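Q: Below: one structure in structure tokens.
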Amino acid sequence: MQIEVVKSKIHRVKVTGADLNYIGSITIDEDLMEAANIIQGEKVQIVNNNNGERLETYAIPGPRNSGEITLNGAAARKVAVGDILILITYARMGFEEAKKFKPSIVFPNENNNLLT
């Protein structure tokens, strides 16, 4: 049996931009992507704490240590700059493997940078 579990989570990042005319995706500071074990093109679920919206798109890396969190394309209509988001990715695996699996969870600071 295969089940889907949380693979990665970036908890409470602040939206820094919304670009309606970009072709799609979410731009995430590459340092945050690496810390959370998220790769370019990976499907990301976005939960907006401010308005309750949930949506899916794919990740693209933004400049390192920039704190950038930009929703692109149609997803830009679902956020406002300053909104607080939770970004989640999932993985499928066998039941026994899933019981032992530990997700990568990142808690950035108020500037969307890694806590050191």
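Using the three backbone atoms N, Cα and C, a Cβ is placed for every residue, glycine included.
Heads up, here are the entries from TrEMBL:
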ACT_SITE  SER25  active site, schiff-base intermediate with substrate
ACT_SITE  TYR58  active site, proton donor
BINDING   THR57, GLY73, ALA74, ALA75  substrate binding site
MOD_RES   SER25  pyruvic acid (Ser)
Q: Specify the nearest of the recorded positions SER25, GLY73, ALA74, ALA75 to TYR58 (active site, proton donor), where nearness means the distance between Cα atoms.
A: SER25
Q: What's the number of neighbouring CB atoms sitting within 10 A of the CB on TYR58 (active site, proton donor)?
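A: Looking across every protein chain shown, the total is 15.
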Q: So if I draw a 10 Å sphere around the Cβ of GLY73 (substrate binding site), how many other Cβ atoms end up inside it?
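A: Other Cβ atoms found within 10 Å: 16.
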Q: Return the maximum Cα to Cα distance in Å (whole number) over the record's substrate-binding residues: THR57, GLY73, ALA74, ALA75.
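A: Greatest Cα-Cα span of the listed binding residues: 10 Å.
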Q: Hey, for the substrate site built from THR57, GLY73, ALA74, ALA75, who else sits with CB inside 8 A of the CB center?
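A: My list of surrounding residues reads GLY24, SER25, ILE26, LEU55, LEU71, ASN72, ALA76, ARG77, LYS78.
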Q: I need the most crowded of these binding-site residues: ALA74, ALA75. Count other C-beta atoms within 10 angstroms of each C-beta and give me the top one.
A: ALA75
Q: For ALA75 (substrate binding site) and SER25 (active site, schiff-base intermediate with substrate), what Cα-Cα distance in Å is obtained after rounding to a whole number?
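A: Checking the Cα atoms of ALA75 (substrate binding site) and SER25 (active site, schiff-base intermediate with substrate) gives a distance of 8 Å.
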Q: Excluding near sequence neighbours, so keeping only residues 6 or more apart in the same chain, what lies with its CB under 8 A of THR57 (substrate binding site)?
A: GLY24, SER25, ILE26, LYS43, VAL44, ILE46, LEU71, ASN72, GLY73, ALA75
Q: Within 10 Å of the Cβ of the residue listed as 'active site, schiff-base intermediate with substrate', how many other Cβ atoms can you find? Include all protein chains, please.
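A: Cβ-Cβ neighbours of the residue listed as 'active site, schiff-base intermediate with substrate' within 10 Å number 19.
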